[in-house]
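Novice: Structure in structure tokens, see below.
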Amino acid sequence: MNPTDTSQWRGLFWMSVAVLTIPASDAIAKVLGQTLSIGQVTTTRFMIQCLLLLPLWLWWRHRNVRLQGLKLRDWWLGGLVASAVLFLFWGLSYLPLANNIAIFFVEPLILVLFSKWFLKERVSPRRWIAVTVGLLGALVVIRPNIEAYGWATVLPLLAATAYAAYLTSTRALRESADPSHWAEAANGLQKSVRLQLMISLTASVLMLMLMGIGQTLTPALTGVQWPTAHEWGLLILLGALAAFAHVLIALAFTHASASILAPVQYLEILGAVFFGWWLFQEWPDALTFVGAAIIIGSGLYIAMEKPHPAVIQD
């Protein structure tokens, strides 16, 4: 096995561990959402992630770190990620774990639409067909869930839209030129950790502001109570898993390209099925499996086909 193959296998390994870690953190969020408000869970998740990433960044910079002042773009990106996580966790409080994640995975399809509209990328007819088929797959998943869970089915769609907007923004702001689901990790491990640190910091501040305002508006969503010792343990584990997954994703991109790593992200759906069955006795129905398969197939096709460059106008 040549060095290139070895490096790619390492990338695949780190990405696999990362995407199987994410549904574990989602399962923890679902458990916590039964006793704590979604806003409190989301806020604490970002705060702990920030506290864990900061020492790592300081260590890399040999204690001579110079974090530039927060810019408007940092607040924008933090707001988008905070919205994505809030909507995703909110959906978990109503929908089965696997159903929630399957619907969220329309994000790569939405990303193609945003890339066309906002980045002026040229999208081939075959990619448009893949997007259309993928969205039809989403409808296959969504329709029975709307009948069973009502308006809450929209929440993972909103999460997917917010995250696609985040990835589009990182590309537009030249934070990353990688079009994959994990675009923020493409420019190296240290840059990714710095980006995640800034995002978790701004997301924490924005969520704290939302929590303060929400006390008089939506106490059910933004209520605050002192967690029990068990809940504190789960909250710390939730933030630690989030930080751990992002570092592994960044590490994976130092060993392999986006086109090689992109298919691995769909292990997250399988992980969600496992944790949903193991912890909550949830098992997706046949339509959810069919729709998820259509979404995965469309997403894989989009990931494998090289996009056309954007049309730059003078």
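Using the three backbone atoms N, Cα and C, a Cβ is placed for every residue, glycine included.
These came from TrEMBL, pasted as-is:
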type	residues	note
DOMAIN	10-142	domain 'EamA'
TRANSMEM	12-32	transmembrane segment
TRANSMEM	38-60	transmembrane segment
TRANSMEM	72-95	transmembrane segment
TRANSMEM	101-119	transmembrane segment
TRANSMEM	126-142	transmembrane segment
TRANSMEM	148-166	transmembrane segment
TRANSMEM	195-214	transmembrane segment
DOMAIN	200-299	domain 'EamA'
TRANSMEM	234-253	transmembrane segment
TRANSMEM	260-280	transmembrane segment
TRANSMEM	286-304	transmembrane segment
Novice: Restricting to the domain 'EamA' (10-142), report the mean pLDDT as a whole number.
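Specialist: On average, pLDDT over the domain 'EamA' (10-142) sits at 88.
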Novice: Counting CB pairs under 8 Å, which listed stretch among 72-95, 101-119, 148-166, 260-280 touches the transmembrane segment (195-214) the most?
Specialist: 72-95
Novice: Which of 12-32, 38-60, 72-95, 101-119, 148-166 has the most Cβ pairs closer than 8 Å to the transmembrane segment (286-304)?
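Specialist: When the Cβ pairs under 8 Å are tallied, 101-119 comes out ahead.
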Novice: Could you name the stretch, out of 38-60, 101-119, 126-142, 148-166, 234-253, with the greatest number of CB pairs under 8 A to the transmembrane segment (260-280)?
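Specialist: Result: 101-119.
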Novice: Per DSSP, what is the residue count of the domain 'EamA' (10-142) in each of helix, strand and coil?
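Specialist: Across the domain 'EamA' (10-142), the residues distribute as 105 helix, 1 strand, 27 coil.
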